[in-house]
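Student: Got a structure for you, questions after.
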Amino acid sequence: MKPSTLIIIMSTVISGTMMVLISSHWLMVWIGFEMNMLAIIPILMKNFNPRAMEASTKYFLTQATASMILMLSITMNLMLTGQWTVLSNNNQITANMMTIALSMKLGMSPFHFWVPEVTQGISLSSGMILLTWQKIAPLSILYQISPSINPDLLAIMAIMSILIGGWGGLNQTQLRKILAYSSIAHMGWMAAVTTYNPTLMMLNLTIYIMITLGTFMLFTMNSSTTTLSLSHMWNKFPLITSLVLTLMMSLGGLPPLSGFIPKWLIIQELTKNDMIIMPTLMAMMALLNLYFYMRLTYATALTMFPSMNNMKMKWQFENTKKVTLLPPLIVTSTMLIPLTPIMLALH
């Protein structure tokens, strides 16, 4: 892809998301979603092959369906209220339809089937954009309509997403699919707290994006797409293997790393609202995620898979690519827990 073309496409993706973030008019929100969706497809097909074409088609069909459901709910809301304002949504049916449309865009269960397939079919850099930037716009609308959302509907989808995100990743050896199932589980955690404290959902999103960006950058540096290729990372980048270990543990929400902050605060918030069973189930199902993160850690840092290569110290001769963003991302992804009182004060 030519640099000028890439700049135009990326600016359209960014402006589409920004339009959703700053608009209070439903039509402008819908146009922002469409701009974003149509511009991301060439990025997904950057490495053109039949697998990428299939992934892009699946993504387009799912997102187009979600957009149509969203437009239907917007039109019904207009007929009932006579207003295009995002915040004027008092009808339960339209609110439920909007919730379903946005959960399809986010890849939450039971509309999660496209996420692993699309992520597996595209490159690591495109997958990074899909699992981070593409979550911002739908979650911002969920944030705005949170007072009118049916909490029971969102709670059911949240529990299902956490379960599917943990269960689906157990049998995977492809790193992109594992990160896709991880994304589904994290979307469940965010959805669980949306109706009670939307600010916590945005905090969870911020920390999730930081950790996922760092993980994708490390995998891209090593060109790792499978668990087996991760096991060769130690002889290319010996110092980075420990970073993968800490990032995986942080993504799983293990204390005292940064990924523990949103889980801790979400469980606390749900408990404050007299919900005991739901956070208990969520914490138990999070152990499934932690298991396959532990398996990745084991494959990366604690084992040496069979190899025909007698020269193990490749890192002495290889000119490794420098990633400027990586050090601050690693620090923020692992060491934010002392700042938890400040985050509590902010929300």
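Here the Cβ of each residue, glycine as well, is placed from N, Cα and C on the backbone.
What TrEMBL records for this protein is below:
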type	residues	note
DOMAIN	23-284	domain 'NADH:quinone oxidoreductase/Mrp antiporter transmembrane'
DOMAIN	290-344	domain 'NADH dehydrogenase subunit 2 C-terminal'
TRANSMEM	5-22	transmembrane segment
TRANSMEM	60-80	transmembrane segment
TRANSMEM	153-171	transmembrane segment
TRANSMEM	178-196	transmembrane segment
TRANSMEM	202-219	transmembrane segment
TRANSMEM	239-261	transmembrane segment
TRANSMEM	281-305	transmembrane segment
TRANSMEM	325-346	transmembrane segment
Student: State, in range form, which of 5-22, 60-80, 178-196, 239-261, 325-346 has the highest count of Cβ pairs under 8 Å to the transmembrane segment (153-171).
Tutor: 178-196
Student: If we call contact 3 or more Cβ pairs under 8 Å (sequence gap 6 or more), are the transmembrane segment (325-346) and the transmembrane segment (239-261) touching?
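Tutor: Taking Cβ pairs at least 6 residues apart, the transmembrane segment (239-261) and the transmembrane segment (325-346) are in contact, with 3 or more under 8 Å.
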